[in-house]
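In what follows, a single structure is set out as structure tokens and then discussed.
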Ligand code: 6R9
């Protein structure tokens with residue numbers, strides 16, 4: 001129900017929800033206040049929500065000081081993350097379903113994996129990995145479809161104390177080998193094929209191609225998902241399904257320090273190649289499980305569904321670690337929202353009586369375009385909470401989600417966070433806040449968001465205001481470092497605004513103190529919720545023999561949020577053609593993966609540059625956005641004429 005202010009409508013939770021929620025407005029205010037005024041006491045208490053082998057005595061030891069950035073939480077405690085996600089539930093929840101697996105093909109039966117079964121599977125996988133030589137601290141790369149074995153593999157690594165690094169199955173062999181080499185991984189776990197939307201990605205053959213560019217010693221464990229044909233290298237390739245028949249179903253979890261790395265996850269930034277974000281065991285699990293419980297108002301018998309892929313951080317925190325640490329039933333979906341048709345999401349909600357549904361705005365926009373009948377033909381009465389993540393949600397999509405999917409009954413939690421943050425930082429809590437379409441609302445407990453003036457770097461204390469979004473202090477699931485490059489960690493996140501963590505996003509804060517994310521302020525674009533550095537696409541383009549120079553920017557796209565717009569200068573003597581456009585598109589898909597496929601390629605005889613040779617992306621962005629009227633100051637351009645040419649030949653967005 002909306003309040004009277006139609007210019008800025010708010011949607012308060014129902015009284016029933018408020019009465020039964022983990023937090024109402026007063027609880028939120030009190031807990032937030034406590035978490036900021038005495039973080040030691042607050043997290044000292046909430047750190048106990050997980051099981052420790054040796055309890056921590058120190059809570060927080062963090063510094064954002066330039067040159068000395070160091071983040072440690074619960075640093076003298078020991079634990080095992082997999083034991084927290086499995087073993088500790090066996091007594092009370094052994095026969096409860098931990099994972100519901102819904103395959104790509106709706107004709108194929110769903111699987112219900114109980115906590116007891118999860119324990120057996122993970123122990124077997126742990127023993128297999130140890131037999132292959134994996135030890136505490138070793139790195140294991142996962143390149144898997146959305147199948148239960150992906151969760152087993154993550155948890156098996158955690159059980160041994162190995163560090164997993166998941167590579168999204170949509171990435172190319174080149175991206176995969178770069179990530180295997182980047183973390184010097186011992187083992188790659190993959191599958192024969194990944195069924196998705198009725199098609200099959202040949203993961204094993206991609207893995208074969210990637211392994212040509214890694215150390216010979218890297219071993220490959222292969223899960224048979226379809227049983228389809230693959231090539232096999234004896235001595236290097238290991239058959240998971242066969243080994244699992246023999247493997248022991250007991251395994252003693254390793255005792256890990258709170259600050260031992262749990263996983264590496266590569267993500268894009270504004271410069272250079274993707275960086276390996278490192279998350280550690282204790283603080284990450286405390287925060288992932290706590291946000292999962294409060295933000296989704298999770299209760300014991302709920303069926304929780306996050307539609308993300310485990311290749312992204314959302315899948316890590318809210319398909320696997322958060323829900324399982326809470327003893328929840330988490331749904332893993334192998335398919336896509338539009339296969340066999342645009343009702344698939346809603347059919348799965350009906351079939352498994354999903355209570356919390358968490359997805360991305362891009363999926364909502366695509367489904368909204370298909371019409372309401374796909375939703376209305378399904379019984380969605382089980383839904384209680386809806387969530388979104390990955391990019392700003394436009395009010396149209398928000399309203400559609402609220403009215404058509406949620407029937408006006410379900411609060412929408414618009415959760416703003418990042419790979420680097422490990423868990424939700426800004427979000428409404430369902431029983432505490434009257435939501436506003438497009439606003440990520442309030443900081444979670446212990447999260448000190450501030451808005452800085454981008455020019456002065458000073459905190460803005462007025463309401464309403466606009467600036468860059470920063471964090472004033474640490475929270476338990478903050479990334480600890482960039483794998484192998486702590487200097488890059490400091491430089492990327494702590495050097496622009498001294499003493500603050502800079503997220504890379506701009507935001508507004510309204511008169512009620514609610515936050516509205518306005519998008520990235522750096523050269524990172526967000527395509528269908530996938531984060532991409534424009535520099536990565538540029539370096540893929542210039543690696544092509546016919547390309548002399550390339551500049552890549554984002555432009556508004558109805559479904560994807562942002563599309564990829566490429567300005568390409570060809571080598572002398574090379575003629576532009578439609579064939580070449582296709583060739584470059586395929587090239588980028590092969591270099592990075594299908595998610596980086598250019599939407600529009602414009603031939604640019606020259607690029608607007610400053611006299612010192614810097615490409616003026618601001619101008620290129622404006623042209624791509626079709627906003628020629630406000631090109632701003634072009635007087636510093638070396639050759640102002642190139643801009644007119646670019647405007648004249650701007651691609652039609654169609
Ligand atoms: C979890 C995840 C992070 C970037 C982030 C921001 C954008 C994520 C958002 C959102 C507006 C939201 N983003 N959630 N923007 N509202 N609710 O997406 O991680 O892939 O690292 O992307 O995504 O720009 O900086 P990641």
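Cβ coordinates are placed from backbone N, Cα and C, and glycine is handled just like the others.
TrEMBL lists 390, 391, 392, 414, 415, 416, 417, 418, 419, 505, 520 as binding ATP, and of 384, 531 the one it places in that same site is 531.
For the domain 'Acetyl-coenzyme A synthetase N-terminal' (28-85), residue counts in helix, strand and coil come to 26 helix, 11 strand, 21 coil, using DSSP. Around the Cβ of residue 197 (CoA binding site), a 10 Å sphere holds 14 further Cβ atoms from the protein chains shown. Close to ligand 1, meaning a Cβ under 6 Å from one of its atoms, are these of the recorded positions 198, 415, 528, 547, 589, 614: 415. Confidence in the domain 'Acetyl-coenzyme A synthetase N-terminal' (28-85), given as mean pLDDT, stands at 98. Per Cα geometry, 390 is the residue among the binding-site residues 390, 392, 417, 544 nearest to residue 199 (CoA binding site).
Remark: of the binding-site residues 198, 390, 392, the most isolated position is 198 (fewest other Cβ atoms within 10 Å of its Cβ). Secondary structure at residue 589 (CoA binding site), as computed by DSSP, is helix.
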